[in-house]
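S.K.: Structure below; questions to follow.
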Amino acid sequence: DAKHLVPNKMRDFFCTINLDQEEVFRTQVVEKSLSPYFGEEFYFEIPRTFQWLSFYIYDKSVLQKDLRIGKVSIKKEDLCSYTGKENWFMLQPVDSNSEVQGKVHLELKLNELITDNGSVCQQLVVHIKECHGLPLINGQNCDPYATVSLVGPSRNDQKKTKVKKKTSNPQFNETFYFEVTRSSSYTKKSQFQVEEEDIEKLEVRVDLWNNGNLVQDVFLGEIKVPVKVLRNDSFQAWYLLQPRENGNKSSKTDDLGSLRLNICYTEDCVLPSEYYTSLRNLLLKSSDVQPISASAAYILSEVCRDKYDAVLPLVRLLLHHHKLVPFVAAVAELDLKDTQEANTVFRGNSLATRCVDEMMKIVGKHYLKVTLKPVIDEICESPKPCEIDPIKLREGDNVEINMENLRYYVDKVFREIVRSSISCPTLMCDVFYSLRHLAAKRFPNDPHVQYSAVSSFVFLRFFAVAVVSPHTFHLRPHHPDAQTSRTLTLISKAIQTLGSWGSLTKSKLSSFKETFMCEFFKTFQEEKFTESVKKFLDDVSSTESKEPSGLSEPVHLKEGEMYKRAQGRTRIGKKNFKKRWFCLTSREFTYHKQQDKEPIFTIPIKNILAVEKLDESSFNKKNMFQVLHGEKPLYIQANNCVEASEWIEALCRVTRCNQKRLSFYHPSAFLNGNWLCCKATIENTMGCARCTADVPADTQIEIDGDRETERIYSLFTINMFKLQKLEEACGSIAVYQGPRKEPDDYSNFTIEDSVATFHTLKQIIDIVEKLNESHEKYQKKRSSSAKYGSEENPIVGKVS
């Protein structure tokens, strides 16, 4: 959220998330507010190098261009210091001199020349090769040019490149020559001492500009290189463009308001798979360790300050290797030992409950879509008034009509849920089966606990949460407006109550905090609903297969608005780009004129031969990719780099098992009778570059096991001090078997078997130390061989 925004009157605000100058997400518009609450979450992989993660607050305008109020920009190097913390950031003014992104490739060299009279003169050679990743200007590729200057206390020699049209990756390949030290015959200035002054104080400055033609040129960034670092060497490198030194400085930084953010940024250097064998094996045998609290996976959750940091990579790794169900059963059994009352089963934020939550999010995506998306779409697109709280009723509202509307929605959502057991993924059923029987074993005299153990997850933590936050589960593209959010909140409360086993059967209506909800539930027939819930819970906690063979309904994977290049010719013979709605399922890839309209063009998944990026030079457009199938390639432009990466990944994942996949493709387009990449003149000639993804893979859940293991290694490394303290504690307990008299540093840890825990800890510490050595060797090798700006390192980053 934000507060105290300017101008000091109620306006409509929205916020964007940018990688450098490229917008990758934007929030919904919050109307009529000075302190808008956005309450939105975004999670994304970072597909390219970047310098800044920025957040811009806009004042929405209907007739004019949206006005940028201010921004928060965080350097990539500083992101880790804000990770996992909620911070208020003062908005900074948006200054064109500070809005930079991209990099420039330079080669610099000092030559010694002998003049006609025999004296020695030094000459600086500046070869500006190319730039990469320059920003879009007004949504279009820029027309960049560069000025190259040699600057010193008493000189400023400037030269200029040619303008390159409509490109963010201009190829300049121009060379400029500057005289650095003057010959002894130089007499333009009397007593001009050049030898020491020039070398020590001169610098090369390269400024990038967008040619404005009839308007003012726009500054794109600059770099400065001291001449003294060259000496007599040739120096070639990529340089990140920087803002001007006087950019983004203002005395009124406290007048624009502030923005509250919670950022989680992770960056991992993933080594080859064989380096992780020992750690991976130790984690995968966790479910076999007795007691479970002595296992590597359980110890990981104990030493991490926030259990969620450990749960995400742990669940994904165990899921990838089919070891999740026995591990969840083991930690759930430990959880139940500490549960004293049957009505509080699995209600806390323990390792067991968090593992199940994360498992449901990963494997239950399609299940949620086929079950809830149609009714959620109806609620959001054709909302009916549903407010039944007398305090929140607006003037003219009829509470009886609102209650009927709410009852209609609740009935429809509830009916879709209890009829959905056939779509529940087998893995979820297996986990629910284990939880149900463990709860019944722990409380044998309570006939209801076997159902409440399952309902506490599937209703309270899965369906009810998805209803109240449909955008988080990709059921809707954006956060709903305030009125719809309130309707979804009321529906979610009702679903929680109806699905919570015993809430209606035990006549607990009078105990509800909100009287209006108590009155609402009196309209429900208890026996009818409780029987439906019971049957549904029986079905989803059975070990019998619920998924029909051959999946009668296609799996909905991704949808969104992008631009595609026309497949045929227009009347004037020019192929253009049009905005279309794209939809990807497990059966076909389609595009439509608008959402929910019939498809204009359909490609069966089995016919897709390759999905690859398209060189920007083809159409002077960024974020393009191509879908190769039986006919001409389909060229598509995504709205930003994150979206393009997600579409390519989704399409590659669903087509990797196609038998006729290509091994080679053309990175550029076929235009004007030849391929731009290899200049071949035959349109159906074989590709000139190897495809990036031609290996079959699991199309159900895409998990990189090595990356998850690397993340776990990083967590162990960060918490090494705790591991060592826990190891000391186990040693102390093993030696001294008496009762603990005073709280120790390890009193919050679960140590059931000190000997077994000590043995596992020793293995973890040894493995982490060996991995530390491997990382150090790799970093030394990389720093000695890689040039600045090279992209050969296997470093991957993600932000939420």
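Any Cβ shown, glycine's included, is placed from N, Cα and C.
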S.K.: TrEMBL tags one of 180-202, 548-570, 778-800 as region 'Disordered' - which one?
M.R.: 778-800
S.K.: Work out, from DSSP, the number of helix, strand and coil residues along the domain 'PH' (555-656).
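M.R.: DSSP classes over the domain 'PH' (555-656) add up to 21 helix, 43 strand, 38 coil.
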S.K.: Would you list the DSSP helix, strand and coil counts for the residues of the domain 'C2' (100-240)?
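M.R.: The breakdown for the domain 'C2' (100-240) reads 10 helix, 77 strand, 54 coil.
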S.K.: Find the average pLDDT over the domain 'PH' (555-656) in the predicted model and report it.
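M.R.: Per the prediction, mean pLDDT sits at 86 for the domain 'PH' (555-656).
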